[in-house]
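According to Swiss-Prot, the disulfide bond annotation covers C32-C86, C88-C93, C97-C191, C98-C109, C153-C212. Feature annotation from Swiss-Prot assigns N-linked glycosylation site to N48, N61, N126, N173, N201, N452. For 1-27, the entry in Swiss-Prot reads signal peptide, with the evidence type similarity to another entry. If you look up Swiss-Prot, you'll see 28-221, 273-279, 345-373, 449-457 marked as topological domain 'Extracellular'. According to Swiss-Prot, the topological domain 'Cytoplasmic' annotation covers 243-251, 301-323, 395-427, 479-517, on the basis of sequence analysis. Taken from Swiss-Prot, the feature transmembrane segment applies to 222-242, 252-272, 280-300, 324-344, 374-394, 428-448, 458-478.
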Amino acid sequence: MKLFWVKRLLRISTVVVTLLLLQRTNAAIPDCDYYDTVDISAAQKLPNGSYLFEGLLVPANLTAEYEFTILPDDSKQKVDKHIRGCVCKLKPCVRFCCPHNHIMDMNVCAGDMTEEELEVLDPFLNVTLDDGSVVRRHFKKELIVQWDLPMSCDGMFSLDNREKTDQYTLFENGSFFRHHDRVTLNKREYCLQHLTFVDGNESSIRIAPHNCLISPSRMGQTVVMITSLVCMVLTITVYLFVKKLQNLHGKCFMCYMVCLFMAYLLLLLNLWQMSQNFCITAGFLGYFFVMAAFLWLSVISLHLWNTFSGSAHNANRFLSEHRFLAYNTYAWGMAVVLTGITYLADKVVENEDWNPRMGFGGHCWICTQSWSAMLYFYGPMVFLIAFNITMFILTANRIIGVKKDIQKFAHRQERKQKLNSDKQTYTFFLRLFIIMGLTWSLEIGSYISQFNQTWSNVFLVADYLNWSQGIIIFILFVLKRSTLRLLMESIRGEGEEVNDSEEEISLENTKYDRNVL
């Protein structure tokens with residue numbers, strides 16, 4: 001019996017020891033993040049189990065044997081057994097991409113620095129302490145260099161703090177704050193390394209941060225935009241095919257759709273980096289068509305207001321059949337002027353705060369990370385949106401007033417005057433809201449909130465709404481009963497061309513006859 005219990009105890013002891021060893025190997029150092037550790041296998045081990053690493057005494061309880069590495073996504077990868085120490089609990093650490101004597105070239109570790117490179121190396125870093133003060137620290141003498149941690153990603157980009165958009169703050173605890181988008185990164189998401197900077201004929205080597213190229217999934221935006229482009233083509237085709245839709249308002253609407261199609265096409269090419277060979281040209285073309293689209297929206301807004309306010313005949317008196325030519329001169333001409341101003345500013349203005357910087361950062365568009373975008377792009381957009389909103393309110397107010405007037409007149413004359421139901425009226429307001437481009441006003445909020453991650457996620461809904469413009473317009477203006485009826489008549493050869501003077505709004509059945517009043 002005693003022998004039985006002895007064997008039992010031995011088995012239990014063996015299991016316990018095995019579990020402890022496994023814990024020692026796999027659980028690693030208690031209360032210590034893997035990214036706060038350093039490989040100290042080559043350090044001197046003292047009799048009490050502690051290690052002497054680069055002049056720093058690492059106690060035994062802050063060391064452990066590892067046979068894995070933890071990747072940035074927190075998954076484990078098996079490696080050879082080695083000893084690691086939680087040295088960042090004892091002394092501030094700095095996360096390097098490569099060994100401390102290597103230099104980065106094209107975002108790749110390029111090997112040891114030469115003697116000449118070491119002579120021009122600036123070894124100091126600005127480190128922000130917990131109390132908010134900023135001190136200069138020698139990366140090797142005053143900090144622990146962590147260079148054996150897994151790289152955050154394959155594709156990285158460096159920051160140059162000479163640029164206002166590349167400012168950053170490195171904290172004593174190892175976290176990294178990127179100023180332009182106000183994002184805080186941990187040591188899994190960035191690393192530092194020596195990098196050559198060229199300024200005129202002189203070059204210098206400084207320690208520069210490298211961040212991952214984190215690109216959000218483009219699939220959702222791509223699917224929405226391609227669908228939107230197809231819907232735009234279908235909408236334009238319907239308006240070209242159906243003669244009754246080709247009145248003055250319909251022609252303006254088609255011009256708007258052409259501008260929108262070209263702007264979205266260039267945006268899609270930029271999204272998939274298919275316009276890099278003509279990036280600057282693509283950027284200015286995209287700017288031209290976006291501005292032209294907004295200008296055509298202002299034309300449509302003004303034309304709708306004239307139609308419903310009863311002042312269209314006054315416009316006819318002065319412009320007659322040349323109104324469409326006048327509209328074209330205004331929309332395309334102003335778009336050319338705005339594009340020309342932006343082009344000259346891009347070539348002449350030296351101050352980055354006033355330069356649109358077309359093509360900055362490989363994006364074939366105006367640099368939206370600075371306030372110059374407000375001057376050249378969002379400023380004109382705000383003005384035109386404000387104009388469209390004013391026209392929308394005046395037009396909606398006029399429609400409501402006309403409806404009430406006709407109802408009173410019909411009651412007085414005891415005539416049955418059936419107008420659209422409330423549902424139809426609300427639907428018309430929705431269509432009017434879309435065609436006047438008021439949904440674009442959300443784009444301003446998206447621009448202002450780009451540096452706030454929370455609000456950026458909120459306004460992502462607005463971005464998808466704008467990317468879906470072609471789909472929304474197709475549903476509201478083509479897939480409606482009156483347009484489908486006109487389309488069927490045209491297919492059967494029953495359609496007749498409508499004179500522009502009739503001022504029929506082809507986007508909606510709702511209208512009133514001024515002669516009734």
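Backbone N, Cα and C atoms are what each Cβ position is placed from, and that goes for glycine too.
All features noted in Swiss-Prot, drawn onto the structure.
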residue: C86; record: disulfide bond; Cβ contacts under 8 Å, 6 or more apart: I29, C32, D36, T37, V58, L62, T63
residue: C88; record: disulfide bond; Cβ contacts under 8 Å, 6 or more apart: D36, T37, V38, I144, Q146, G174
residue: C93; record: disulfide bond; Cβ contacts under 8 Å, 6 or more apart: D36, V38, V87, L143, I144, V145, Q146, G174, K187
residue: C97; record: disulfide bond; Cβ contacts under 8 Å, 6 or more apart: M104, C109, W147, M151, M156, C191, L192, Q193, H210
residue: C98; record: disulfide bond; Cβ contacts under 8 Å, 6 or more apart: M104, C109, W147, Q193
residue: N126; record: N-linked glycosylation site; Cβ contacts under 8 Å, 6 or more apart: V134, V135, R136, L170
residue: N173; record: N-linked glycosylation site; Cβ contacts under 8 Å, 6 or more apart: P92, D130
residue: N201; record: N-linked glycosylation site; Cβ contacts under 8 Å, 6 or more apart: none
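It is 34 Å from the Cα atom of C212 (disulfide bond) to that of N61 (N-linked glycosylation site). The two recorded residues, N61 (N-linked glycosylation site) and C153 (disulfide bond), show a Cα separation of 32 Å.
Residues 249, 252-253, 255-256, 259-260, 262-263, 266-267, 269-270, 327, 330-332, 334-336, 338-339, 342-343, 358-359, 364-366, 377, 380-381, 384-385, 387-388, 391, 435-437, 440 of the same chain, all 6+ positions outside the transmembrane segment (280-300), place their C-beta atoms under 8 angstroms from a C-beta of that stretch. Against the transmembrane segment (374-394), stretch 324-344 has more CB pairs under 8 A than any other of 222-242, 324-344, 458-478.
Classification of C97 (disulfide bond) by DSSP places it in coil, neither helical nor stranded. Cβ neighbour count within 10 Å across all protein chains ranks C212 highest among the disulfide-bonded residues C109, C212. In this structure, the glycosylation sites under consideration are N48, N61, and the one with the smallest number of other Cβ atoms within 10 Å of its Cβ is N48. Comparing C153 (disulfide bond) with N48 (N-linked glycosylation site), their Cα atoms are 39 Å apart once rounded. With the fewest other C-beta atoms within 10 Å around its C-beta, C153 stands out among the disulfide-bonded residues C32, C153, C191.
Taken residue by residue with DSSP, N61 (N-linked glycosylation site) is part of a helix.
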